[in-house]
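Chemist: First the structure, then my questions, so here it is.
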């Protein structure tokens, strides 16, 4: 009766078959994970519990049940030598048991995957495009991901970037624009190609490009022809500032820490137009440095102008020598003149003091001398000529001393015109 009813039952569709296969595959994968967890659990528990039991039994036997005789001790310790071997064999048995279960599980899983693959191939051959696409998206998403990550073939066209499309279009227009003019006027004469640098052509929305003139004519469609827009970007001018290496050793880090230099003590030079990194500058030079971008060639001005010191006056060597000579001779003359004048004035003042003192003493001595002369005249008459001679000598000396300062004082102003003449000269 079951065979009769089975004839009238509807045949399951491919979608139902694939669903059942997916369920079985999922169950087998779960069982494999569960089996691996159980294997680790049982093996770990066996080792832990057996080691704890082994240590406790060894301790108990050593403290209470260890006999004194050597043969009895040997018989008592034999089970302790056999116990690790027993544990190791149990561990291998458990690993073998779980590994066999995983092998059977993997075999069943491989069979289901092969069945699923065959059914999907039949779907791609027999079913329509729409149903086949739906079935593949539902039951075989890995193939779609693999197609997305496949590299493009060599014959496929290379997708250009947004900025590159403009460059290719402008380059193609430059190459195709002189074609009709040359066809009407005939082939132009081919002159020698100058080996100098090519001219720069500015492309809209990008840095200046160099038009590369081909040295030899090539056939259209040959494999050696270069794609327009590829390799036209100039290398750019060399950077005047050093760029720190990315990989630095321990010695470099120590030196940078001691000197106070390094990436952590520098400021990045970012272009204002394309926001690209153009090296690093020191903290003292960051605000005063102006640089040209190495990628878009934009000149980034300095944030501040460096303060300049005031300009010193210019002196020639001959003028400097003349000024030094005049400054060296002038003060010596001026210093010598006042020194001579001061000495003369001091001498004259001292002499005047001496004269005043001498005149006062002479005035005081005059009455004394008169009285003494009278006494002497009374007492001794023949001694008068000697005393008169002494008086006359004293008077002459005093008069000579009075005349000498007057002469010296008169000689002082005679020196003044000579000093003035020296100054004027």
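The chain as shown is numbered from 1 upward.
Yeah, the Cβs are placed from backbone N, Cα and C, and that goes for glycine too.
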Chemist: Looking at Swiss-Prot, which of 13, 99, 276, 411 is flagged as phosphoserine?
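Modeler: Annotation hit in Swiss-Prot: 411.
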Chemist: Give the range, chosen from 46-66, 109-129, that Swiss-Prot lists as transmembrane segment.
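Modeler: It is 46-66 that Swiss-Prot annotates as transmembrane segment.
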Chemist: For the zinc finger entry in Swiss-Prot, name the matching range from 219-244, 245-270, 271-296.
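Modeler: It is 271-296 that Swiss-Prot describes as zinc finger.
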